[in-house]
């Protein structure tokens with residue numbers, strides 16, 4: 001009987017060490033079982049089977065979330081930054097709450113307080129770096145901000161060190177291992193949630209198109225994979241998510257690539273989406289007006305000979321960004337879902353269905369953003385590797401804050417360089 005019990009545990013992905021951990025951590029957190037569907041939907045869909053009822057609930061709530069997404073895009077980059085911050089806090093809360101359900105059984109001090117304190121410290125560090133980078137002239141203009149900017153990293157380290165000392169002082173005899181486990185839990189959560197949300201904001205400042213297209217591709221892939229899987233799914237994809245199918249995975253891939261090409265074509269024609277988000281010192285506000293870069297100017301491309309006979313064209317006019325969108329949508333379709341699989345494995349480890357019951361039919365906010373965070377990292381790396389170059393406006397802003405003798409030195413150095421290149425002489429002749 002013991003051998004049979006052990007084999008059953010192994011089949012469920014649980015080992016002897018897991019069982020020992022259960023006894024120390026006070027058992028698994030409670031599984032939410034309540035029906036969180038709004039009563040009006042329950043009454044309207046009462047005659048449907050549970051399968052179709054779930055389909056309609058998910059569909060209606062998905063449309064509501066997409067509508068909300070369009071509204072915050074219309075409201076501009078500052079509102080988007082605020083929403084990203086709110087989503088980050090909610091995701092952090094959902095993950096920390098799972099840990100707290102285990103940790104609370106020993107009634108040990110300061111875990112939740114320290115978790116939120118570390119969240120504050122990490123956000124202060126990241127957002128301080130962002131403010132210094134994108135609001136450089138504003139920071140240099142205000143004395144208090146200039147001081148905070150100059151000593152920003154020292155202040156950030158001091159704040160973190162204070163939390164570290166508070167954690168050491170909170171250690172309780174006989175529960176050291178559990179407390180260090182939760183300390184690691186908090187820091188891994190910070191790494192996953194806060195770092196990724198910070199990268200999302202950096203992508204946003206590169207141009208709203210770098211924010212909207214990747215997020216939309218993940219949303220499209222999630223919806224289309226569900227639709228293809230719901231109607232045509234027969235072959236299981238991965239044990240971590242039994243409802244995922246190969247039909248949904250493949251159908252979602254092709255639909256997402258096509259969607260990315262179309263969305264990129266539409267958005268590339270609008271400066272409000274393609275221009276970097278910059279701070280205007282004269283009006284003290286964000287601006288998204290610029291001369292579109294080559295990425296967002298129509299160019300003619302030759303169609304491969306193999307496809308010319310199929311489509312009947314020799315050339316096609318498209319934006320270079322559309323080619324990049326293929327890479328973004330491919331990642332969203334093939335690699336992005338692994339963020340969802342990772343989240344599924346995490347939930348199975350703690351025997352919970354969803355991170356929370358925030359959105360009926362969808363679970364918690366983290367259940368909707370598990371793939372978005374992985375996507376944000378890829379987009380940031382992609383921009384840094386293949387897109388971003390030196391920003392002349394930022395260089396000029398930093399140049400103007402230097403002392404006159406430093407400015408003169410840089411001017412003479414640049415002048416000598418341009419003369420050697422022959423650029424300055426040609427300009428003078430003109």
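Backbone N, Cα and C atoms are what each Cβ position is placed from, and that goes for glycine too.
Values in this document were obtained by computation on a predicted structure and should not be read as measured data.
Features as listed in TrEMBL:
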- 7-23: compositional bias 'Basic and acidic residues' (COMPBIAS)
- 1-38: region 'Disordered' (REGION)
- 110-127: transmembrane segment (TRANSMEM)
- 154-172: transmembrane segment (TRANSMEM)
- 179-201: transmembrane segment (TRANSMEM)
- 207-233: transmembrane segment (TRANSMEM)
- 245-267: transmembrane segment (TRANSMEM)
- 321-343: transmembrane segment (TRANSMEM)
> For the transmembrane segment (179-201), which recorded stretch in the set 110-127, 154-172, 207-233 gives the largest number of Cβ pairs separated by under 8 Å?
Replying inline: 110-127
> Can at least 3 Cβ pairs under 8 A be found between the transmembrane segment (207-233) and the transmembrane segment (321-343), with each pair 6 or more apart in sequence?
Replying inline: yes
> Of the listed stretches 110-127, 245-267, 321-343, which one has the most C-beta pairs under 8 A with the transmembrane segment (154-172)?
Replying inline: 110-127
